[in-house]
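Listed in Swiss-Prot for this protein:
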BINDING   ASP22, PHE23, ASN24, ARG37, HIS60, PHE61, GLY62, ARG63, ARG119, ARG152  substrate binding site
BINDING   LYS202, GLU324, GLY354, GLY355, ASP356, THR357  ATP binding site
Amino acid sequence: MTEIRRIQDADVAGKRVLVRVDFNVPMKDGQVTDATRLEAALPTIEYLTEAGAKVVLLAHFGRPKGAVVPEMSLEAVCQPLADLLGDAVYFSTVTSGEDAVAATMDLEAGEVLLIENTRFAAGEETNDPGFAAALAELGDLYVNDAFSAAHRAHASTEGITHHLPSYAGLALQREIDHLVAALESPKRPVIALVGGAKVSTKIDLLQNLVKKVDTLFVGGGMANTLLHAQGIKVGSSLCETDLVDTARAIFAAAEESGCKLMLPTDVVLAKEFKPNPETRLAAVTDVEDNEMILDCGPATVVALGQAIDRSATLIWNGPLGAFETPPFDAATVEAAKYAARAAVEGELIAVAGGGDTVSALNQAGVSGDFTFISTAGGAFLEWMEGKTLPGIAAVMGTPELVA
């Protein structure tokens with residue numbers, strides 16, 4: 001992979017540095033209820049202020065669709081961010097234009113200005129060249145620190161980079177460095193755990209992973225489709241019968257590349273999908289027509305643990321069962337605890353990502369034990385699919401514009 005341009009390589013002293021951050025935080029009644037994403041931006045902001053930069057923050061919040069929606073104003077973020085920084089955060093009520101430019105010009109070295117929600121402008125999500133140019137007037141150079149938005153070619157993530165020297169912030173660097181280490185140049189053997197409801201949402205992911213990992217375990221509802229393609233009856237389970245050919249192509253690709261493809265061998269069954277119904281543990285070949293597969297069984301988890309023991313790197317995306325409904329969280333929780341223990345006590349590099357995955361690891365109480373957890377949903381998935389992310393491509397290679 002081409003090297004990314006890092007903010008440490010730029011001369012930022014006295015310059016207006018535009019930083020694209022992810023401040024799409026949970027809010028209730030105008031109050032930030034979870035400051036995790038604000039905290040993630042602190043290292044880059046503090047690095048720049050200490051280096052004497054004038055920091056101008058760009059972010060989106062919600063989906064206002066190009067209109068000014070007062071409830072989606074980023075002004076509510078200013079005080080929580082100021083509290084975390086221990087310093088004032090100024091706010092521009094407009095996203096671009098003379099007043100916004102004037103606000104950036106008024107900054108002293110080491111001060112921070114937050115620009116209003118970029119999605120209040122219709123040109124943000126359409127990557128309008130005119131709006132991108134207007135945003136570029138707010139700074140002398142640009143830093144992307146929002147991996148979670150890097151898969152979107154928007155004005156504040158891609159268009160702006162055609163006007164300013166562009167670099168990766170510290171949080172973005174951390175994401176990329178860990179993902180490159182896990183997928184592009186990993187310690188081998190590599191095992192990937194992929195779960196979730198539908199194969200259709202992760203076809204590209206599976207097709208990319210079988211070419212890059214040594215072992216691929218598929219769980220969750222996705223596994224039902226692969227089992228069905230092998231001629232195994234899955235009863236009334238969620239199953240995409242129209243994807244049999246796709247599933248068989250994945251098996252063939254795995255065999256061709258020498259990737260061992262693992263599926264559940266025993267399963268937890270129920271006739272109703274509800275919390276704590278009557279369940280039955282059975283071999284995967286012993287599913288009745290009126291039963292649903294809702295989790296992997298204990299023998300499968302043991303086999304998965306043994307496969308993890310044989311691996312040096314683990315990549316995890318998606319739960320292994322219907323984890324949000326007990327008791328069908330058991331396999332996911334047990335596998336997560338096993339992987340976490342291997343990461344803490346052994347030398348396993350354990351990387352996970354995706355919204356459901358993060359929730360599952362939090363539920364298992366092991367988030368802090370994984371080597372790295374990406375909170376980016378779509379961007380993490382697209383990276384794992386081997387796709388080029390516009391926001392990343394924009395900060396790679398030799399800069400066309402030099403600060």
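Here the Cβ of each residue, glycine as well, is placed from N, Cα and C on the backbone.
Locations of recorded Swiss-Prot features on the structure.
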residue	record	DSSP class
ASP22	substrate binding site	coil
HIS60	substrate binding site	coil
ARG119	substrate binding site	helix
LYS202	ATP binding site	coil
GLU324	ATP binding site	coil
GLY354	ATP binding site	coil
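Cα spacing between ASP356 (ATP binding site) and ARG119 (substrate binding site): 26 Å, rounded to the nearest whole number. The Cβ of LYS202 (ATP binding site) has 24 other Cβ atoms within 10 Å, all protein chains considered.
Sequence-distant contacts of ASN24 (substrate binding site), defined by Cβ-Cβ distance under 8 angstroms and a gap of at least six in the same chain, are ARG37, ALA59, HIS60, PHE61, GLY62, SER148. Reported as a whole number, the C-alpha separation between GLY355 (ATP binding site) and ASP22 (substrate binding site) equals 15 Å. In the structure as shown, the Cβ atom of GLY355 (ATP binding site) sits within 10 Å of 14 other Cβ atoms. Every protein chain considered, the tally of other Cβ atoms within 10 Å of the Cβ of THR357 (ATP binding site) stands at 27. Across the structure, GLY354 (ATP binding site) and ASP22 (substrate binding site) are spaced 16 Å apart at their Cα atoms.
Taking the Cβ of ASP22 (substrate binding site) as reference, residues of its chain lying under 8 Å away and at least six apart in sequence are, in sequence order, ARG37, ALA40, ALA41, ALA59, ASP145, ALA146, PHE147, SER148, ALA149. Most Cβ neighbours within 10 Å among the binding-site residues GLU324, ASP356: this distinction goes to ASP356. Between the candidate binding-site residues, GLY62, GLY354, the densest Cβ environment within 10 Å is the one around GLY354. The Cβ of ARG119 (substrate binding site) lies under 8 Å from the Cβ of HIS60, PHE61, GLY62, ARG63, PRO64, LYS65, GLY66, MET72, GLU125, each of which sits 6+ residues away along the same chain. Just so you know, the Cβ of HIS60 (substrate binding site) picks up 26 other Cβ atoms within 10 Å once every protein chain is counted.
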